[in-house]
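Trainee: Sharing the feature lines straight out of TrEMBL:
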DISULFID  Cys18-Cys28  disulfide bond
DISULFID  Cys36-Cys45  disulfide bond
DOMAIN    14-46  domain 'EGF-like'
Amino acid sequence: MCRCGRGYSGPSCTVPVCDPPCSNGGTCTSPGVCTCPEGYSGLWCTVKKCKYVPRQVAYTRSYTKMIPQRVQTHCGAWGWKTCTSVRQVPQTVTQKFYRTVYTCDPNA
């Protein structure tokens, strides 16, 4: 029985060794190098690949803005005249927005 050099094993010392061993059906092709099957990646084939699929997600934002409002009041010395003035009043505005979110679809 022979003693194999670092990174190899087997009766003729031709079988490469990966430590840790390749996962998910990966093949150790040279010392410390895994060749991963379709759908996996990473040093030891532990990362599942997927296709990122975009989708639109709605969200709302609210803010307050000042808007002009016409106000009629009685004016004049005896209040017999009608005067119109403009004053600023707060109004809440809500807007709907969309953002793109990417999710992993391993079947795509």
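Here the Cβ of each residue, glycine as well, is placed from N, Cα and C on the backbone.
TrEMBL does not curate its annotations; it predicts them automatically.
Help me picture where these features are in the structure shown.
Mentor: According to DSSP, Cys28 (disulfide bond) is assigned to a strand segment. Its own atom aside, the Cβ of Cys28 (disulfide bond) has 20 Cβ atoms within 10 angstroms in the protein chains shown.
Cys45 (disulfide bond) carries neither a helix nor a strand DSSP state and counts as coil.
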Trainee: Looking at the domain 'EGF-like' (14-46) alone, can you tell me the average pLDDT?
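Mentor: Mean pLDDT, the domain 'EGF-like' (14-46): 94.
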Trainee: Measuring CB to CB from Cys45 (disulfide bond), give everything in the same chain under 8 Å that is also at least six residues away in sequence.
Mentor: Cys22, Ser23, Asn24, Gly25, Gly26, Cys34, Cys36, Pro37
